[in-house]
């Protein structure tokens with residue numbers, strides 16, 4: 001019988017599961033937030049994922065539930081599990097991607113290298129952390145942040161007064177040391193419910209204004225030891241938190257050649273979009289295989305280099321399609337992926353993947369193709 | 001504005017357009033023959049493609065019309081064109097894929113190398129052709145044949161008596177010389193309405209019981225001259241018949257090192273399924289780009305070798321999904337594509353693509369993965 005995978009959330013990650021689902025013969029059903037979402041083609045229901053009855057109705061027709069995003073409340077997920085629904089990743093795992101303080105505490109238990117951190121509830125505690133860490137720190141709201149939102153560099157305990165004032169009783173902000181890093185990396189792992197895991201090659205990610213801008217796969221000029229350490233960290237976390245599906249571990253590589261864990265994501269991730277065209281098994285196919293408890297696919301690169309460049313909405317009107325055609329004409333080797341979203345400034349509306357043998361050329365073409373949208 | 005491509009026919013070729021349509025941001029709408037067809041996810045209408053009013057209603061919401069198969073009657077296509085609808089390929093081109101006698105006559109006009117042939121209306125004419133061509137010939141019904149159906153080897157003018165008896169007044173059968181060929185090849189060309197063309201590498205195809213069984217891309221042990229001749233023949237035909245979208249030219253390579261045209265198909269073709277995983281631009285993406293008049297993508301192989309093996313329905317019950325899982329487990333490098341069709345003996349229900357550096361290994365893995373379905 002055809003496996004039916006339900007995806008909560010109708011954004012571009014759900015959209016990009018459609019193509020591999022069709023080829024694998026998986027029936028994809030999406031609970032979208034509204035009409036005209038990215039994943040509209042596979043939307044079988046529209047409604048609020050925070051409404052248990054809507055979610056219950058949606059999951060009735062599926063064999064396994066997974067997610068386009070990490071915002072589904074724990075109580076909804078736990079109610080589904082209590083109903084006997086297969087939920088991947090499950091609430092026990094997903095909590096570590098939903099709350100950065102819970103994540104930091106768990107990584108500490110696992111002995112995974114990470115920046116110094118603390119949970120702070122007032123300006124004095126924050127000031128003390130800053131004083132102990134060279135006069136600066138990064139403050140993060142533990143929940144709900146993404147693409148640089150909910151992250152702030154501070155120099156004084158009073159620099160996060162607004163966020164501290166908004167804290168509910170018993171809640172805290174996460175504060176982390178300012179890591180002096182040379183670059184950012186990302187390590188992806190796929191893990192099945194039966195515990196089988198497979199690692200992707202570690203990649204280099206470049207952020208702009210807190211948003212992933214470019215990815216080079218595999219990470220250039222990376223020693224075999226670093227590749228191995230990144231994979232070990234990824235596998236240790238995947239097993240340690242019991243993730244099912246795709247896990248992305250964002251990493252800092254420091255001046256003194258350490259690898260520290262920055263963030264976790266438990267879903268296909270922007271840092272893995274390169275794999276659609278650059279790996280034997282793209283991350284969206286792999287996520288479906290993993291959550292449907294099917295055997296995992298090989299992850300090695302299909303080309304020496306793959307570069308992914310995001311396309312952000314700019315001051316464009318409805319002419320996005322013309323830009324696509326121009327980019328396709330000039331760079332017939334570029335794989336342009338669109339999200340079916342109206343272009344608003346700074347909004348991710350697509351990405352370009354380019355593969356090849358010579359990194360400089362691949363970077364050039366990927367950037368030049370994406371630049372048609374600037 | 002999003003381009004809306006309407007596909008007449010809901011089979012696996014329409015299904016395999018879904019994945020690239022999603023990534024390109026093309027809205028695909030399918031007129032399916034019934035419920036539960038391969039391309040069900042994109043089906044927006046169900047009805048008989050021989051009913052002009054049904055087709056007219058379907059095309060109202062699309063910018064361009066293309067096809068899953070070549071069976072749409074000329075009068076339907078011509079009525080659409082008269083209505084001002086963009087139809088690709090158009091009726092003038094598609095007639096050459098719909099009627100093998102019309103095709104042979106056009107190829108003769110174009111001077112394209114092909115087997116000796118004649119249109120015969122009675123046993124005497126057939127016997128005369130056989131006598132002139134070494135005592136044997138191939139008889140084909142000019143219309144409606146596929147996968148070896150409507151093709152028969154004859155040794156006497158009376159061997160096609162049943163087909164001759166069924167001929168309508170003025171109709172004829174096609175008779176062709178029995179070509180002594182060493183292997184079969186296929187050349188694909190994509191052509192835009194503006195005349196831009198791009199060729200795929202020529203591939204070797206292996207048939208079993210008249211059905212495409214395996215494809216090796218590019219065709220092994222092929223001289224540069226042969227590659228060039230095949231591409232020239234393909235481009236000459238594509239331009240000569242005015243095809244828009246994908247053209248597949250099936251070729252014989254003879255004992256005496258000639259290339260002769262066997263058949264034409266004006267749509268994505270089984271001989272091009274390798275390109276989904278083996279070429280920079282898969283044939284389904286390319287077909288959409290061509291019919292939507294978007295710039296064509298590069299066609300070079302992404303690996304030294306890609307092998308495609310068809311999966312035919314066998315004496316299986318509902319256990320097809322188990323076979324998929326077994327094949328995925330044993331060959332995690334294999335790309336298994338499913339058609340969402342109930343397995344009946346001899347029916348194409350999917351295919352496997354495998355890529356790699358060593359042809360013998362690639363052939364082995366592709367066959368072994370597909371053998372899980374025997």
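One-based numbering along the chain as shown.
Quick reminder: no glycine exception, Cβ is built from N, Cα and C everywhere.
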Same-site residue for ATP (record: TrEMBL; known: B:140, B:176, B:177, B:178, B:179, B:184, B:262, B:263; options: B:100, B:335): B:100
DSSP state at residue B:178 (ATP binding site), helix/strand/coil: coil
For residue B:184 (ATP binding site), the number of other Cβ atoms found within 10 Å of its own Cβ: 21
Confidence summary (mean pLDDT) of the domain 'ATP-grasp' (B:104-292): 95
Count of other CB atoms lying within 10 Å of the CB belonging to residue B:100 (ATP binding site): 23
Site of maximum Cβ density within 10 Å, from binding-site residues B:176, B:263: B:176
Other CB atoms within 10 A, centred on residue B:178 (ATP binding site): 17
